[in-house]
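The transmembrane segment annotation in TrEMBL covers A:6-25, A:32-51, A:63-81, A:93-116, A:148-169, A:205-226.
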Amino acid sequence: MNEIYLQPLFGIFITLAAFQLSQIIGGKWKFVLFNPVLLSVVFIMCFLVLFKIDFEAYNVGGQYLGFLLGPTVVALGVLFYEKYDKIRENIIPFVSAVVIGGIMSVISVCTIAITLGASEPIIRSIAPKSVTTPIALEITKIIGGVPYISAGIVIAVGIFGNAFGPVILRALGIKNKNAIGAALGTAAHGIGTARALEEGKLPGAYAGLAMCINGLLTAIITPHIVNLVI
Amino acid sequence: MLKGVLYIFLFLVLGEVLVFLCNVPFAGNIVGMVVIFIALKLKLIKLNDVKPASDQFIKYMVLFFVPYGVGLMTFYDILKIHWLAIVVSTVVSTILTLYITGIILQKFGKDE
């Protein structure tokens, strides 16, 4: 009975419970910090720390929910097909926006980190911060960063984009929902895409496609940019 | 619904196999996403067969990220030492990326 938290049931149950609770709170009070992902993560972390349960024990069940991300990314392909005609009208400005945003992402994160005196392994690990985890890990391995650090940064950037992206964009005068979707997918990969889907199906399709294009772009350009700036 | 789930997993497997065979540094799920789009476009599979399942997956996308977010708790030690450079560079760069991408599409894209 003491080891109940070592069963998959524990991680799955606590994640579903925290998510449900977060959605209720987020639905009741419109406040930027009451974001479902952010709240769920904080709730679960507090619970684990409070009851001295290791992340590994939580992840026995948690990984099953995380696994479902794979098929969900494939499902985004179906969404593109549905929205293909609408996106095609905008294809040149859209691809330009993603490419320029994606290049600026790598250049800016590296130069700011250098200015602040970050060590070289850190810079190499945070360079692919805007792309989805599996791609970021491959890039980090190629350019000699630490995959473990990259994995953390990528998720943190995603949660930041998911929670604060739309608020920041609207404050900066970007009101067009498709532009918000493309920005979220480019800067904050899948977690940003999940937020874009809350803005609507078309912004979600823009975000998913932006994530795909930026993943490809970042894989190609990051080794060159990192060699130039370091 | 079950047929749709089967199709989606089939294309996920296909994506992973393609990445493995071509030995490219890319994500199998993103390759699967591109391949299912092509299959729909070429009418190899029907939208009505996959849509019930794909809509359900997409609806709960946020939930599937939660375990990865909880994983951040294992980064406490690294962040404790390097937090300033990491936090400032990633936050500023993320805002910049959001803005640049958003403003270009808003300015030059067509309204819906």
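Just so it is clear, glycine is given a Cβ too, placed from its N, Cα and C backbone atoms.
Keep in mind that TrEMBL annotations are predicted by a computer and have not been checked by a curator.
Same-chain residues lying 6 or more positions outside the transmembrane segment (A:6-25) and placing a CB less than 8 Å from one of its CB atoms are 34-37, 39-40, 43-44, 47, 57-65. Contact between the transmembrane segment (A:148-169) and the transmembrane segment (A:32-51) is supported: at least 3 Cβ pairs lie under 8 Å, counting only residues 6 or more apart in sequence.
At the 8 Å Cβ cutoff, the transmembrane segment (A:93-116) and the transmembrane segment (A:63-81) share fewer than 3 close pairs (sequence separation 6 or more) and do not count as touching.
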